[in-house]
Amino acid sequence: MQSQVRQNFHSDCEAAINRMVNMEMYASYVYLSMSYYFDRDDVALHHVAKFFKEQSHEEREHAEKFLKYQNKRGGRVVLQDIKKPERDEWGNTLEATQAALQLEKTVNQALLDLHKLASDKVDAHLCDFLESEYLEEQVKAMKQLGDYITNLKRLGVPQNGMGEYLFDKHTLGESS
């Protein structure tokens, strides 16, 4: 049945939003995997684990925001299978943070592609939604991860295990 509230909401945008929901859920799943990897007794970087768990929750919230938006515009939610993360072992904090930055760049590009699609379909509402709810936050997340990578390298990670411990305790421990 067709929605009675649907207006100027192209089916291509609707389908792309469903794909974004899947991508955000995948990102949440990856961060959850990272979180519980760093929480293991043989890794034991609890602030790193907490940071990645918070990222997982944030990505899930992003997915839910898209789901709510889809309904608000009269679109139909079509959920897809969520792919398993590429890895189960995340190595050291530097490796995981580099993987997280790559993930955020992938999500950011998908958001930019969705914004272009919305712009091409003259969907000002979707453009505004993306600009106000997602794009700035993505840039901030990428900057934060980039800063963390710089500081981890400065501390000598991965060669220096003490550097990883200090990053966990002082950088992420302070933000708790």
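Cβ coordinates come from backbone N, Cα and C, glycine included.
Per Swiss-Prot, the candidate among GLU14, GLU24, GLU95, GLU104 that belongs to the Fe cation 1 site alongside GLU59, HIS62 is GLU24. Record note: Swiss-Prot gives GLU59, GLU104 as Fe cation 2-binding, and the candidate from GLN70, GLN80, GLN138 in that site is GLN138.
Counting only the Cα atoms, the space from GLN138 (Fe cation 2 binding site) to HIS62 (Fe cation 1 binding site) is about 11 angstrom. Residues near GLU24 (Fe cation 1 binding site) in space but far in sequence (CB under 8 A, at least 6 apart, same chain), listed by position: GLU59, ARG60, HIS62, ALA63, PHE66, VAL107.
In the predicted model, the domain 'Ferritin-like diiron' (7-156) shows an average pLDDT of 98.
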